[in-house]
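Peer 1: What Swiss-Prot shows for this protein is this:
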{"type": "BINDING", "residues": "Ser50", "note": "D-glyceraldehyde 3-phosphate binding site"}
{"type": "ACT_SITE", "residues": "Asp83", "note": "active site, proton donor"}
{"type": "BINDING", "residues": "His84, His198, His232", "note": "Zn(2+) 1 binding site"}
{"type": "BINDING", "residues": "Asp105, Glu142", "note": "Zn(2+) 2 binding site"}
{"type": "BINDING", "residues": "Gly199, Gly233, Ser234, Ser235, Asn275, Ile276, Asp277, Thr278", "note": "dihydroxyacetone phosphate binding site"}
Amino acid sequence: MALISMRQMLDHAAEFGYGVPAFNVNNLEQMRAIMEAADKTDSPVIVQASAGARKYAGAPFLRHLILAAIEEFPHIPVCMHQDHGTSPDVCQRSIQLGFSSVMMDGSLREDGKTPADYDYNVRVTQQTVAFAHACGVSVEGELGCLGSLETGMAGEEDGVGAEGVLDHSQLLTDPEEAADFVAKTKVDALAIAIGTSHGAYKFTNPPTGDTLSIQRIKEIHARIPDTHLVMHGSSSVPQEWLKIINEYGGEIGETYGVPVEEIVEGIKYGVRKVNIDTDLRLASTGAIREFLAKNPSEFDPRKYFAKTVAAMRDICIARYEAFGTAGNASKIKPISLEGMFQRYASGELDPKIN
């Protein structure tokens, strides 16, 4: 079984200059779409359980869903990642369940809504890194708050995210603070704030440099070249699926996501993990609406669920190809979590700060 750490996967991505889409998973259909796309394109996989997914399906169910995928596709390296942990305890529980990577989101207090101060973020992230690395498990941290540079509004996903209007400094990660944070915590990956937000309503117009700061990615990467950067809220919000949803009874207003070409530009400057959820939700919803509208007498869920798998699989394939992930699964030689622990303990994986 090819369950590997996020650190190993992203180190490989950095060495060969590609990015890895990290898809949220809630159910069988999403899991199958992701794995079938990876199988077709020879792509390594990061699947993640968000706070909402853990509440909806339960972490043990998600764990076994992911392990089943690994069993069926043993040739595909898979990282099982816990997204947006709101406390070290949450992360510790995920490690006990067998997750190979966790995110400690110390940018927010334990309620998942109140922006935290810097010292709190450092402290809880340090705690998480200490016990995670002792198990060979990777840790993603976060610095800055997700939200729109266009409106100043914070972004929320599945009950996790700051509330209300944030100031500009909170919405853009400071490169010097990022360097200090990585030096103190030794996180493997860092989620940064550059103007993206969770959900479908990211931008009211196609984003520009004023609302999506690729320049900030470049500045942060220059300071912490060996730390893998993470873009959250990076769905592209396919306009074709918005059109289908609204054509068959939906009421989603005009909205735009993060253009794929902007993500590709970010990958050139250290972005290695790209979080995607909304795109799969839109494709799934559109496929169901269209099928039921065209087949009003059908009531077998397997028939419309099969349509969702195909729709989501196409998006996954497109992202694997665009981000350069395709063709790399077979090149990764899995390292056990015990092996990763030995590398952490030796200091081999300590971050480099410029």
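Along the chain as shown, the residues are counted starting at 1.
In case you wondered, yes, glycine gets a Cβ from its N, Cα and C as well.
Where in this structure would I find these features, and how exposed are they?
Peer 2: DSSP assigns Ser50 (D-glyceraldehyde 3-phosphate binding site) to coil in the three-state reduction, placing it in neither a helix nor a strand.
Its Cβ taken as reference, Asp83 (active site, proton donor) is surrounded by 28 other Cβ atoms within 10 Å in the chains shown.
Under DSSP, His84 (Zn(2+) 1 binding site) is assigned to a strand (E or B) in the three-state scheme.
Asp105 (Zn(2+) 2 binding site) falls outside any helix or strand according to DSSP and counts as coil.
For the recorded site, Ile276 (dihydroxyacetone phosphate binding site), the DSSP three-state label reads strand. Under 8 Å, Cβ to Cβ, and six or more positions away along its own chain, Ile276 (dihydroxyacetone phosphate binding site) finds Pro21, Ala22, Phe23, Asn24, Ser234, Ser235, Arg319.
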Peer 1: Where the distance is taken from Cα to Cα, which of the binding-site residues Ser50, His84, Asp105, Glu142 turns out closest to Asp277 (dihydroxyacetone phosphate binding site)?
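Peer 2: Among Ser50, His84, Asp105, Glu142, Ser50.
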Peer 1: Provide, as an integer number of angstrom, the distance between the C-alpha atoms of Gly233 (dihydroxyacetone phosphate binding site) and Asp83 (active site, proton donor).
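Peer 2: Spelling it out, the Cα of Gly233 (dihydroxyacetone phosphate binding site) and the Cα of Asp83 (active site, proton donor) are 12 Å apart.
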Peer 1: Give the distance between the Cα atoms of His84 (Zn(2+) 1 binding site) and Thr278 (dihydroxyacetone phosphate binding site), rounded to the nearest whole Å.
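Peer 2: Rounded to a whole number, the Cα-Cα distance is 16 Å.
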Peer 1: In whole Å, note down how far the CA of Asp83 (active site, proton donor) lies from the CA of Thr278 (dihydroxyacetone phosphate binding site).
Peer 2: 15
Peer 1: Comparing the binding-site residues Ser50, Ser235, Asn275, which residue's C-beta has the most other C-beta atoms within 10 angstroms in this structure?
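Peer 2: Max Cβ neighbours within 10 Å, all protein chains included: Asn275.
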